[in-house]
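Feature annotations, courtesy of TrEMBL:
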type: TRANSMEM; residues: 31-56; note: transmembrane segment
type: DOMAIN; residues: 47-296; note: domain 'G-protein coupled receptors family 1 profile'
type: TRANSMEM; residues: 108-126; note: transmembrane segment
type: TRANSMEM; residues: 146-164; note: transmembrane segment
type: TRANSMEM; residues: 203-222; note: transmembrane segment
type: TRANSMEM; residues: 243-261; note: transmembrane segment
type: TRANSMEM; residues: 281-299; note: transmembrane segment
Amino acid sequence: MTFNCSLWQDNSMSVKRFAFARFSEVTEQCFLLFTLILLMFLASLMGNALITTAIWTNPVLHTPMYFFLANLSLLEIGYTCSVTPKMLQSLVSEARGISREGCATQMFFFAFFGISECCLLAAMAFDRYMAICSPLHYATRMSRGVCVHLAMVSWGVGCMVGLGQTNYIFSLDFCGPCEIDHFFCDLPPILALACGDTSHNEAAVFVAATLCISSPFLLIIASYGRILAAVLSMPSPEGRQKALSTCSSHLLVVTLFYGSASVTYLRLKASHSPGIDKLLALFYTVVTSMLNPIIYSLRNKEVKAALRRTLGKKKVLAHS
């Protein structure tokens, strides 16, 4: 169904509300996707909340690596919560409209948490580099103050870039159409609805994506190149196995997150397809957030032990 945008325009013919396009006219398909997304969303919230709680309540995990992991879990919670509830509502309800201000708010928080995560993953790679390649100086160079500073910079960059991009895009005129062919207010589909020349905005999005996706990714690759060289030179097989096990979890998360984000934001405009963009959006908003706790908990003995202790405490409290 195509919306009549004239009902949502003010006297200046500027669109004040948008509507998300229906995923499918077949109700069963919408309900199936709703169920899948809801289950993944709940699994993501539960997994990331458990990891954050386990790290905060277990002193043995009060180290730089787990400090960054707790921050990552908090970002994942914010990332999914910024878009998934409205996505679920739009799948099974006729109330698929969203105000211009609501759309801008959703876009800001989505960009804020997503860009912060890009920066934080680079900080996590730097932490692993220092731990493996410079173990004697690790405690002093990765002090609590340094870790807090790196986390604050990651969150700060995400906030500034997200605010700048959102403000720049919503300074444009929107005079119709008003139907967003996407699951949420992402940058490219909103730009496609703007009137007039959007080439400067598209260039700004591409530059921001290049700086916030490519730059951290290159830093991560450089860090892991040095880490691999250091690991291969270790005389102890046990030491090599432990180092590779610790880093492989982070590298898998990086591959999933940066891979899907790069395909979405660093492609040429002509190669964009609404269907593929929606599939990628589901992957980097819901699927990766659900997989991250699984990847870190299954491949990390310390996290698994901490989760068992945390769940054990909750059972004791429940029966007391």
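Glycine residues also receive a Cβ, built from the backbone N, Cα and C atoms like all the rest.
TrEMBL does not curate its annotations; it predicts them automatically.
Across 108-126, 146-164, 281-299, stretch 281-299 shows the highest tally of CB pairs under 8 A with the transmembrane segment (31-56). Under the criterion of 3 or more C-beta pairs below 8 Å, with sequence separation of 6 or more, the transmembrane segment (243-261) and the transmembrane segment (108-126) qualify as touching. Restricting the average to the domain 'G-protein coupled receptors family 1 profile' (47-296) gives a pLDDT of 87.
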